[in-house]
Amino acid sequence: MRLTKFTDLALRSLMRLAVVRDGDEPLATREVAEVVGVPYTHAAKAITRLQHLGVVEARRGRGGGLTLTDLGRRVSVGWLVRELEGEAEVVDCEGDNPCPLRGACRLRRALRDAQEAFYAALDPLTVTDLVAAPTGPVLLGLTDRPSG
């Protein structure tokens, strides 16, 4: 299975937000974009989607920035990926040139099952799990600002 670049970006953004230490200022979207190595506009779209899912909170103004919500810390990565990827199937059997086998195709069902197995493998994981050592310290090292 292959994730879209958007889902990859959203997950990496969440992972960076998950390692903010006590006393650190919340990160701005621009900082998240720099850390994960994408243009600001791409990061902003991903952050907006994560806000709509309720896993990121954004506050404007002085003392503002991005924070991971409680839901964001405990939600399943499988659920996040399903939400970010949407209803897309592994193969597009309908599209502009519909497959003549689509009504009786066993491959389509097998690919759907494989896709669900992929998501199910991510279900036991949370974003907090993803940033356990050695990942968390590496993420913290990508930000060039002092703690506190």
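Backbone N, Cα and C atoms are what each Cβ position is placed from, and that goes for glycine too.
In Swiss-Prot, the feature DNA-binding region is placed on 29-52, out of the ranges 29-52, 77-100, 125-148. According to its DSSP assignment, C93 ([2Fe-2S] cluster binding site) is coil.
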